[in-house]
């Protein structure tokens, strides 16, 4: 396959105002996507965004490009990424588009696409869009130009859908839950879902102002949530990222519960109910503790490349239903078509309520291996992963770990970073080994 120019592991992403996240490029991207995706005849495209201030500018640019291709833009306003996937299906739209850079800071933004089935686009479709981007932009005749309108009931539809995934015989009554919406797209959705199911809720990160998305709140920084759960003596806390496709939880003692543990809880509960189909898909970053815990339950486990799209591919390949990344993407194919943090949270809570166990107790069956991740900024021409010094450092650490640990080096798909991950039984040694490799990477950049 030809090398990509624009699409990364999660759409097109970058710093606002610099290529490719500029109004002129995004307008042409909308047009190019329209040329490739407009095959159903409905001519409708659902467009959602998170709470970044640049979302206003970029949705206008997308609208212009789609209109030039003869498509109708339907705006949801701030809306979680999985909500756009859901609404794309229910409105029988040609495609869904999300304007978001997910967990990144506010000055980044991105564009990602969903097919008419509510799934992320396969590689060949993204390459077809890139091919259209190399062509001169054209415009349909005036009578065929697209129009734009707003979907005023989008939030209500999605709230009802989320609630429908929670068992009707259960209730959240009596639970005190702290919800952290990262000042992002779930700020007006998640509190209503949990409140309407009966919980007492306390919110943080629910006051977006355009520039505070993911800032010291949300799934990538749970310190505020941890403190609030302990302060309020809550049963647990739930943190979402800026676009609502990642979830991290916090138990009653303020301890972090990541995507690996969440998937383990959901899979074990499905096994208990006799409803588990197949096994669980993790990634190269999934903690070895999850693999061991699932094996002890007799649940099959396989790893995919890093990225929720690759988790999805492996799920479909195996005809399984549960997949996750430790960063908090949790995919439950019996309920959704993409990672949905609110729906994943509800399944964990259903296990808490149904088993009458605490979140901490549900996590106790899985012992996490110490895992250290060091990010090294990479902006040079040379590929440090091809350096003899880096290869030697990796080989040395792998020899020392033997069968009791792992080393993973990879380039980030969304940022100019080399990620160095070392995992093993001894936290002190793992930290030392990770720094040894990271130092070699820095010297080779």
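For all residues, glycine too, the Cβ spot is worked out from N, Cα and C.
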Note: Swiss-Prot has 241, 243, 245 binding Mg(2+), and from 102, 115, 116, 387 that site also includes 102
One should report the C-alpha separation between residue 245 (Mg(2+) binding site) and residue 102 (active site, phosphoserine intermediate), rounded to whole angstrom, as 8
Same-chain, non-site residues whose Cβ lies within 8 A of the 102, 241, 243, 245 Cβ center for Mg(2+) are 50, 80, 81, 100, 103, 184, 185, 219, 240, 242, 244, 246, 341
